[in-house]
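What Swiss-Prot says about this protein:
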type: DOMAIN; residues: 9-277; note: domain 'tr-type G'
type: BINDING; residues: 18-25, 86-90, 140-143; note: GTP binding site
Amino acid sequence: MTTQAAEVAKRRTFAIISHPDAGKTTITEKLLLMGKAIAVAGTVKSRKSDRHATSDWMEMEKQRGISITTSVMQFPYREHMINLLDTPGHEDFSEDTYRTLTAVDSALMVLDGGKGVEPRTIALMEVCRLRDTPIVSFINKLDRDIRDPIELLDEIEAVLKIKAAPITWPIGCYKDFKGVYHLADDRIIVYVPGHGHERIETKVIEKLDSDEARAHLGDLYDNFVEELELVQGACHEFDKDAFLKGEMTPVFFGTALGNFGVDQVLDCIVDWAPQPLSRATHERSVEPTEEKFSGFVFKIQANMDPKHRDRIAFMRICSGKYEKGMKMRHVRLGKDVKIADALTFFSSEREQLEEAYAGDIIGLHNHGTIQIGDTFSEGENFGFTGIPHFAPELFRRVRLKDPLKSKQLRQGLQELAEEGATQVFFPERNNDIILGAVGVLQFDVVASRLKEEYKVECAYEAINVWSARWIECDDEKKLKEFKDKAFENLSVDGGGHLTYLAPTRVNLSLMEERWPDIRFRATREHH
């Protein structure tokens, strides 16, 4: 095996997805602790604590206790190199999260055992399904009252439409939580409370049918054995092929706060989750072990460092090897650039990078020339596919306070839209400018950045738009007919794509019925 193939085989690149407050920040911290990346866990605490999350670094995040922007953290574990992408849990930032999911090879879904499947989890799972991303599930908060575990598995299957195969099974919960039973290995991993901030040696009882197990479970023993028979009869057995196809999720139980069960999840990612995979481009498929370098940008983050006012483009390496000072082609611009100062991330610790391989995430300094979806290669002209734009869910008309600044306003809105958190639309029938976003928070962010960076003051007005759909049609004649009829509701987005702005859900359903030849797309790719 070449050095490069060996390096690729070591890589595991995954994201954590969850509904806000399911415990994602805590589990991130515990994973870093497993990799000994944080000496004392407890630095990644949200909201109420004064020790702030190493992965929640932006000022607005610190104030609100939510991860707004995706952080990337790399750490070693069991002779592998783990790239962990933390995704925003706050609902306003789902686009950022969606695109992060294009940069990973697997995902860890964290569910609150007391609440089960929640809305944001459903939305994120839909995105994982678009790419058949393998999903590992962790049911968290076993140190509190949780719902019936069998009910939770049924809900995962019914709502998320994926087979659930329990790998571990909880013994009691809340004050009676005794640990978990590993179904395939026939052993009990004992829960020792109160060790959230340190790694402790795991205590294991081999075989459920043993005196030691009976003594540990006490009164719970007989009921647990019965429950287990039911579980083994009713639940799926784990099938690695089905997992790799995105059809089945292995399920683990534990408590991230109590630092219990997280190591089993990380072991599962190392043992079962895929190493970096081949990636599709418009021209061909690119293998991670190819000698020549390639990668794509899935995120741009402004002002990551208050000390240096900068923008960083996050790039997923898809093939070859990055070496300091190498030349690479910025395919969209057709230009060769020398990259001497790419960054690797240990959350807010940014370090200059000497080399990196497929699966790794590196940061490039961006002076306004790099856009989301851009491909970099070592000379070859191809573009990676599948980096999505999603239809916004909220719309506002933008009103300029100084009419003489309309040029700056257009430029500002288009440049901010390039970062991918908002989208701008220009209606065909008038000179309005409409801003679309996935959450209210983004409108505030845009207004303050327009004022700061472009010296433009704007206000927002309500507008009668329910949703946007990108229009595609193979039949020119039908498309022209549609454009004439739907003229009132048509606009062009910042990238020049024809878009239908539907005033209501009913209106959109009617249009889809009336125009079967027109495709109303809720997503489109970055080109």
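From the backbone N, Cα and C atoms, a Cβ is placed for every residue, glycine too.
D21 (GTP binding site) counts 15 other C-beta atoms within 10 Å of its own C-beta, drawing on all protein chains shown. In this structure, S18 (GTP binding site) is part of a beta strand by DSSP. Per-residue confidence over the domain 'tr-type G' (9-277) averages 85 (mean pLDDT, predicted model). T87 (GTP binding site) has a Cβ environment of 24 other Cβ atoms inside 10 Å. A simple Cβ count within 10 Å picks out one of the binding-site residues S18, K24 as the most packed, and that one is K24.
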